[in-house]
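Below: the structure, in structure tokens.
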Amino acid sequence: MAASPSFRSAAAAGVLLAMVVAAVCLPGAAAQLCEDYYDDTCPDAYDILAIAAEISVELSGGPSWGVLLGRLDGKTSDFNGSLDLPAPTDNLTVLQQKFSNLSLNDVDLVALSGGHTFGRVQCQFVTDRLYNFSGTNMPDPTLDSSYRAFLSQRCPRNGAPASLNDLDPTTPDTFDKNYYTNIEVNRGFLNSDQELKSSPQAQGTTAPIVDQFAGSQDAFFASFAQSMINMGNIRPVTDPSQGEVRTNCRRVNGS
Ligand code: HEM
């Protein structure tokens with residue numbers, strides 16, 4: 001029986017993936033992440049996180065992807081490195097710069113931010129948008145007024161900063177495209193979420209990608225899976241002289 005076009009393209013994709021995996025697993029290659037790294041050893045903490053992220057997304061209705069393995073845990077913690085992480089108050093220009101410093105582009109930024117289609121967020125990350133946006137003593141003008149009224153009830157001005165809210169109130173525990181449809185109607189929770197659509201710099205850069213993902217869950221899922229692989233492959237430590245497999249996820253061995 002002749003292979004159907006979809007089978008042929010899936011097979012071609014499989015061959016391509018095998019070539020990529022072979023390339024990164026070859027001895028002496030720059031990175032040595034592999035599909036079957038743990039035949040003889042135990043996973044390290046970093047790989048466990050990468051696997052857990054994939055399984056959580058899949059179990060919540062999202063896409064699946066092959067997690068390449070073999071990262072080693074670092075032997076030091078880098079406080080200054082943590083300052084490079086994106087912040088919920090960042091504007092689009094800063095977000096783009098921080099992602100680009102890690103070779104992640106606008107599609108990666110928009111697709112990965114879609115991780116906020118599920119999970120919870122503390123009130124402290126929205127209070128400035130509700131009550132004192134950019135020091136104006138006024139709410140963020142890009143925040144939908146009925147969503148603002150809803151959030152103001154949940155997060156009163158002097159309420160508990162750690163109270164939890166849904167990042168996506170429409171489908172809080174489902175991995176779907178509603179993160180983007182929320183942003184389209186000015187219902188992004190974090191400033192960093194709404195910036196992807198509402199920043200003046202978003203026009204012609206991230207806003208059209210938000211529009212695309214709001215219209216096509218398939219497009220979002222395909223990009224999210226690829227961007228998770230891209231993010232998981234940022235400068236992995238694979239050289240045993242530079243890293244280790246932690247016996248306690250929270251601690252460097254021997255500390
Ligand atoms: C674009 C830059 C990002 C910023 C500024 C950001 C910021 C935040 C903040 C402030 C929270 C709430 C934490 C809390 O209240 O304790 C959060 C939660 C969360 N973020 Fe992000 N995030 C970003 C990117 C990502 C990415 C790339 C992913 C995954 C692909 C992701 C997935 C999540 C999830 C799943 C939660 C909910 C966690 C829970 O329910 O415990 N975020 N993020």
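For all residues, glycine too, the Cβ spot is worked out from N, Cα and C.
TrEMBL annotations: computationally assigned, not manually curated.
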According to TrEMBL, Asp168, Thr171, Asp176 bind Ca(2+), and the residue from Thr117, Thr127, Thr136, Thr206 that belongs to that same site is Thr117
Based on the record in TrEMBL, give the one of Cys123, Cys249 in a disulfide bond with Cys155.
Cys123
Cβ-Cβ distance under 8 Å to Cys123 (disulfide bond), same chain, at least six residues away:
Arg154, Cys155, Gly159, Ala160, Pro161, Ala162, Ser163, Leu164, Asn165
Measuring Cα to Cα, how far is Thr171 (Ca(2+) binding site) from His116 (heme b binding site) in Å?
11
Its Cβ having more other Cβ atoms within 10 Å than any other among the binding-site residues Thr117, Thr171, the winner is Thr117
